[in-house]
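> Taken from TrEMBL, the feature region 'Disordered' applies to 1-30. Under the heading transmembrane segment, TrEMBL lists 41-59, 79-99, 111-131, 137-158, 170-188, 200-221, 287-310, 325-347, 359-378, 463-481, 502-525, 531-553. Feature annotation from TrEMBL assigns domain 'Major facilitator superfamily (MFS) profile' to 46-557.
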Amino acid sequence: MSNRVGSRGQKAVDDGERSLIGPPSGDSPDSLLDQEASTPIFVYLLAFFSALGGFLFGYDTGVVSGAMLLLKKEMKLSALWQELLVSSTVGAAALSALSGGFLNGWLGRKICILVASFIFSIGGLILSLAPDKVVLLVGRITVGLGIGIASMTVPVYIAEVSPPHLRGQLVTINSLFITGGQFIASVVDGAFSYMSHDGWRYMLGLSVVPAMLQFFGFFFLPESPRWLLQKGQCQKARQVLSQIRAGQNINEEYDTIRLSIEEEDKEAGGGGPVILRILRHGPTRRALIVGCGLQMFQQLSGINTVMYYSATILQMAGVRDDKQAIWLAAATSATNFVFTLVGVWLVERVGRRKLTLGSLIGTGLSLALLAIGFLLSAQNSPPVTLHPVDFQNSTCRLYGSCELCMLDPDCGFCYRDNGTRVFDSSCVSADQTSTDHAAWGRCSNRTEAADNPIWAYNYCPTSYSWIVLMGLILYLAFFAPGMGPMPWTVNSEIYPLWARSVGNACSAGVNWIFNVLVSLTFLHVAQFLTYYGAFFMYTGLVVLALLFVLGCLPETQGLQLEEIENLFTGPLCSCGSSSPNDNRHVHYIRQGLDFSPAHYGSVGSDSAIAYITVSTRSRR
Ligand SMILES: O[C@H]1[C@H](O)[C@@H](O)[C@H](O)[C@@H](O)[C@H]1O
């Protein structure tokens, strides 16, 4: 066996710009392989308690739709207030994710996670006790602040404590917890939807339980060894690393991190604010473009529109009963959750790049299918057959088909059907206080009698709903394993330590900003482009995302965090061909070491081994 260099059997690198013969520090010749042989349970424990932050992210973003159904009736919320309560959380998350970078670098990952879970607990309490809508808004903003910090800190923390061979899987578990949180939220929504008085208090308040669990759990968990080393707390860092690796040989890992930090200090783009240093430093700037691009495309592929729109899609498919629609929407988030599990399973088997590419291809095709379903439904949209005298003189009376009628947010379609055919249909104004009813006429009746006509707001009855439904399920099945988790996973790994907090803050901020943009504009986009137009537009955006990933996303699987920076030393879009061997490395070459089986795993004689750290570089 030849000399072993760095992790995962890479060959020695020559052309060293700098070569150190350092004090021998390794005991086992292959400590990273040792880590692969057995992973201490403690790492899973850390991942679990951190990923509770992901759970809260998912729960708090998911629970609001069901809570809103009850809230709008109980508090008589106008459309503006409903919109405020939903989007204030996402807006606050964007702001706190952006500022979280500074906190993360300053206070450390552990304190930030503790702060986030504390904010989640307070937010949950405010929401469950809120006497009016203003306090509710304060609670939703508070929760958003927690989500922002958690969304950027948790993946970083998990990546920094994980051994390289498991890092992808463990960070992806955070995404599993996000979709798990969304799923549990939809089940809780379903369960409490029967409690028309104060049910929303339980829905919104239940998040206090996982938040407290995380808060108390994290008191006993350690800070990231990488952050500690960066802050010069070497002794503590070594101690934590050996605690996390449960007594395995940590010398090689420790030395790689330490040397990489020393190298980074010299090279990290000079002084000044970190964001400016990132922008001045070629490889890190390129990493930031890739990270932010991935997060932007994740949201532009329309996940939250599809999730939000799932209830309507189900209504189109003929589900009339509100309660039934809520439970079926839970099935949608269950699909998202189950397929994220597939991602956890695949990420270390096929790698991040292939998983993201495969996911995007499937997502694009499913979006096209969704669009075709909407197109066929629009082309076969039932006509308006009744034109009752409209004393309000609204625009609704002008529409000749259900498609045109439902695209106007002020109108709804009132009709009867005999199972195969729509008849006695009219387009009338929706009630301003609740779009569940028409403002006047046959569909304004709030009592649900079997012979009442059907009120369709935001959708049209169609016999092509099965295509849309199939598109929805396929979309989630393809999105959830790749485009859902990979932007978070990749961002946690691609920045060097000095830029990691700020890099993740920026990319998480981009995610939240595009989240707000897409959800706030969807209805307007649909109004201008129609539903099928909107979904064809998302298909186009996914094609762009595919080109971006194909060109710019390198594979990070199996590399140590310190090696990943080197993937970005080449041109931005090198079609994934960059390899860490191309450029600078900090590696250990054992000199004169006996690799015979007898020596394997034994405590080596320091005097017999010389470590050479070889560093090659090619920048900009
Ligand atoms: O990765 C997550 C996940 O896919 C969620 O389902 C989605 O709601 C979030 O916006 C996204 O960031």
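Glycine too: its Cβ is placed from the backbone N, Cα and C atoms.
TrEMBL does not curate its annotations; it predicts them automatically.
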> On the 0 to 100 scale, where does the mean pLDDT of the domain 'Major facilitator superfamily (MFS) profile' (46-557) fall?
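On average, pLDDT over the domain 'Major facilitator superfamily (MFS) profile' (46-557) sits at 90.
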> Contact between the transmembrane segment (463-481) and the transmembrane segment (359-378) is defined here as three or more C-beta pairs under 8 Å separated by at least 6 residues; is that satisfied?
yes
> Can you see whether the transmembrane segment (200-221) and the transmembrane segment (111-131) are touching - at least 3 CB pairs under 8 angstroms, only pairs 6 or more apart in sequence?
yes
